[in-house]
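Peer 1: What TrEMBL records for this protein is below:
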| type | residues | note |
| --- | --- | --- |
| DOMAIN | 43-294 | domain 'G-protein coupled receptors family 1 profile' |
| TRANSMEM | 28-51 | transmembrane segment |
| TRANSMEM | 63-88 | transmembrane segment |
| TRANSMEM | 94-122 | transmembrane segment |
| TRANSMEM | 143-165 | transmembrane segment |
| TRANSMEM | 199-227 | transmembrane segment |
| TRANSMEM | 239-261 | transmembrane segment |
| TRANSMEM | 273-294 | transmembrane segment |
């Protein structure tokens, strides 16, 4: 393979990789990926449309759900061009600016999702532990501020990464192991010390995902304490039932993340396809499953979606 490189960083080119050794099957492999991407897009757009058009869903819980759907949609679209480009057109080359831009959006949106899940846990905490002040605490203005702070925190923390990578000379192979650009993978291709990138990467993870996960755990500890203090078993079940969808979303986000970290840390002896599949699970499963979970487990969302589809099928909508 010929690696294109010029002393000018802007003229350097990385090469993305699909399923190495299965290039002749990329057309068939693209079918499940296309189905996943289509389901992610349609599912999250449906959630957003239902929340936007139904006034009864204009409540804090559903505003946070809309934020989660927007984040999942953005995360899906940030990887779609390069993944399908490889499967359909064998378009493996990606320039440094495009690669760093994709890297920025992938990492930023991953951190935003963690922040949104934390906001949703706070929403559940207030709804269960302080229901009388729910509407006064979580006002629309405060919800907007929480959403903007999540985006700003994530973007500002990820913004230095492209600049830290830009200062490197990439004298090693320019072939990436995935169909998209990630900070950890690109910095390993540098021929100079990457200790600053390592330390900063750990700092970002610790002060975002680490802090968020601890606060989510704390919020559910307080929620459980409040629920156990309720008089009747029926009240306890009703309160816990409102948290099931969010708990599933948290597990869908953190379990693949932990699994991918363990594979990278201890799975060097595992087949390369395991690393690939775990990375796709981490990026695609939460956006795929979150709309499904909320459509099934949240009664109000399920009823509105069924109502929308019933209206579309009704002859009256064509009159």
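The backbone N, Cα and C atoms fix where each Cβ goes, and this holds for glycine too.
What TrEMBL says about a protein is an automatic prediction, not a curated fact.
What you are looking at is a predicted structure, and each value in this text was computed from that prediction instead of being measured.
Thinking about packing and proximity, how do these listed features fit into the structure?
Peer 2: Sequence-distant contacts of the transmembrane segment (63-88), counting only residues of its own chain at least 6 positions beyond either end whose CB sits under 8 Å from a CB of the stretch, comprise 16-18, 26-27, 29-30, 33-34, 37, 40-41, 44-45, 47-48, 51-52, 94, 102, 105-106, 109-110, 112-113, 116-117, 119-120, 123, 140, 143, 147, 150, 179-181, 249, 283-284, 286-287, 290-291, 294, 298, 301.
Here the transmembrane segment (239-261) has Cβ contacts under 8 Å with residues 68, 113-114, 117, 120-121, 124, 127-128, 209, 213, 216, 220, 223, 226-227, 230, 278-279, 281-282, 285-286, 289-290, 293-294, 297-298 of the same chain, all six or more residues outside its ends.
Within the chain carrying the transmembrane segment (273-294), a Cβ under 8 angstroms from the stretch's Cβ atoms is held by residues 19, 36-37, 39-40, 43-44, 46-47, 65, 68-69, 72-73, 75-76, 79, 106, 113, 177-178, 180, 182, 245, 248-249, 252-253, 256-257, 259-260, 263-264, 267, 301, all 6 or more beyond its ends.
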Peer 1: Other than its close neighbours in sequence, what residues sit by the transmembrane segment (199-227), given a CB gap under 8 Å and a spacing of at least six beyond its ends?
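Peer 2: Sequence-remote neighbours of the transmembrane segment (199-227) are 111, 114-115, 117-118, 121-122, 124-125, 128-129, 153-154, 157-158, 160-161, 164, 183-184, 236, 239-240, 243, 247, 250, 254, 257.
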